[in-house]
């Protein structure tokens, strides 16, 4: 706020100073209003007063209109801006460099190769020549000379620099004299060879004069080895300070070569031809035009940098680009901060812009930022030739290169470094960010500006690295492309091959290389190409696992020949059911795991077939190990949604069986699923790999009747009578093995106390419960009575949770699974993660399911994924950054919630936190359309202690995921050192799914079905927790319950005064001070566990 006040008051202060300077000596003049004489002081005072009032009004008006989003943006730009202290250090070095460069003596013009030998004779520098080299008998003439000018470049002209994780750069433009070139030098690399010689002359002078103070390197400007520049880093003893800043010296040129000869459809490399027709060289031409236009755009940006909002908008753009990995390199998206500066300046100044693209100088920084995103996401930029300033130019620009943003005043295509895939990704990223800001700009500020998006394991379904094998590339690549190097050609060729091989299996394929191509001044850039290329895939879930790729029909001879040439021995002629005979490729998959690897197998085959076998063998997939681990632990199937087909078929049979019962006094009006197995989300699918099955819950309701009892216990007895009658009918059915009525909540007779358990011949067990809305009315009447209010609240909560919340939640999750097939795998992985850290009884399944659902439903920094593994990683990232103390999690499944639900939930959470400072309720405040006040989600679990534990575990997991070679197995390993005692159980006494699946004899299978769902471990834990309430906390994994961890309540570990109602074993420390007797507690636990316990280890 103070920063804004200072900016607003600046002009008025200077105006006052000017007014005060007008106060000449007028002491002899009487300022008497009685005489009607208006003195200069009177006029000045009135103007000063008026100015002060206007300034105050303007300040109040501006502050009243400044939103919280604008204030966040201002603070963010302030944090990334380079301080004046650091800028002053760099400017002192810049001045020394300018002095050195301007002192370069002019030499006589001579032959190119002779001049090169003379320059390299000292051994201090080597000319960074690119291929193809000039012929030995070339008549190119070169000479050295001082630059016409050395001045701040495009990024430095605004006077404010922005830091990045790699430091910050001060760019200097060294203007080359036009006398160094001839009008035809733009042809056949002559300009670039002369430019490289001139740069070596600059490097030699800098090394000789400043060699002890700076480290000098050649780097390829934007990855273009034809345009090397000098990088100077100050040499200091502190290695961290060397990262702070570097200085780039960029040779440039004023408009020397005719722009009309360098347009995208023109040819400047005479060796590129198709027959007698010369091919266009858009990339080559644009590289020269960019050198020619740098000074022009520098001056344009400097002009608009007097507007602080322009500079702040560029600061926001810097953060947005860095968080998504965008930079100016031709090998990594080709759109960076330099392009952002130029684009914003053109949108504020150029003529001929489409309606809605013109940005006014009166807009604030956030509005300018959104304006740039709006242009980048517009269809007009991607579907047509986008030209500006064409009304004042006579250039005939033809739409030959795509994408295009051509400034006719210079002929430059701002987007020439981007291919279509890069541009589509930029467009999608811009659209997504605009969507987030339009939804809720304040809540989504961290997602747009503070979340690092370019993390492969979080961004893509499949990611990895491809080795660079330039030896396998064609040596005559210079006759095939106008790109700058063999590496760029290799990348482009690789992109075409993979794009053709994957076809529609991938919604997005990206190849990129973030390493800067650099070398010492006595080395060559071409000897320092990167050794690997990164890639990322977003798969098309509908077809990514297709077994057969169908090619052209047999009649299309030319297309068939191309198909066979591309696929080689994998191509075969096949006849399909519809009678077609066509070339095709069949990806044989004997196991589901092999089928899940089809996209990766295609990439490996294509690279091996067209590049080299060595390159294909060294291809690395970051998440391959994760997928193999997933299939080994959870399901061998690729689409775990299909694992539940038997479950859903059994459910439909159970519903049909119930509805077909005709002898029941009341008609069944509704049957609803109410179990995680019917939500495609249980960690172990019932009957998939086991004989014993956990009972699957179903809720049903009779038609309304006035004959139900008017008291709660009577309703429960009536339910028992109904279920007993239904059990009799079901026992007679052929598809039912056994039907029996079970009791529950026997210590609370007014709660639901019965269920019907039916074992079907299919092997599945279902539990039916009757819902009667009259119970809810009776509980509400108790709630209204002050005496029975607490009892009524508890009873109504239990009823609503069992009969309303769980069925509604099940239906909502079913809808998510049907929309996003990868959700099933994601939620099972999430549960496996929580269970692996022994949090089974501390985090409800419903909370876990909604945490994963938020990844798919809520807007976040990434596009929706088709990979369960990626969804899990995003959930962990969310948990690691979620401040659940003050932020509610709102999930709008069916778009039914009001638009201001986020602010409403935040206000309710603030009130709740004030009422409950210790956070004994709702540490996780989760809002859905069927639980608007989070009464059933996070009300009791997880507790504050467990919520903190989850955050710590998630941050550790994300830290591991951020590593280049993450160990995915470590995500699911939990150390037992943190527990006060550890209980090891006898596996042979635990009838879990895995143990029963290993039954050796078929006649023993029936034993496992006598008590479906029986879990001695959970019963044992429940009994221990009841006996030692608030004294110990137990942790276990219900999928692998062989180990139980326990911790003591910190309160009982500290000495406290003895009380008569102390309910745990204790020992006297001093006088009346006692502490818990851990040994005695462990002995009692062993007595309760009996033969179930193998060992108990005390660790305090």
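The backbone N, Cα and C atoms fix where each Cβ goes, and this holds for glycine too.
Automatic prediction, not curation, is the source of TrEMBL annotations.
Copied from TrEMBL, the annotated features are:
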- 16-30: compositional bias 'Low complexity' (COMPBIAS)
- 171-305: domain 'Nrap protein' (DOMAIN)
- 309-452: domain 'Nrap protein' (DOMAIN)
- 457-611: domain 'Nrap protein' (DOMAIN)
- 632-818: domain 'Nrap protein' (DOMAIN)
- 820-973: domain 'Nrap protein' (DOMAIN)
- 977-1095: domain 'Nrap protein' (DOMAIN)
- 1-44: region 'Disordered' (REGION)
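Between the domain 'Nrap protein' (171-305) and the stretches 457-611, 632-818, 820-973, 977-1095, it is 457-611 that has the most C-beta pairs under 8 angstroms. The stretches the domain 'Nrap protein' (309-452) and the domain 'Nrap protein' (977-1095) are not in mutual contact, being linked by fewer than three Cβ pairs under 8 Å (pairs 6 or more apart in sequence).
Per DSSP, the domain 'Nrap protein' (309-452) is made up of 76 helix, 6 strand, 62 coil. In this chain, the domain 'Nrap protein' (820-973) touches the domain 'Nrap protein' (457-611); three or more CB pairs sit within less than 8 A of each other, excluding pairs fewer than 6 residues apart. The average pLDDT computed for the domain 'Nrap protein' (309-452) is 87.
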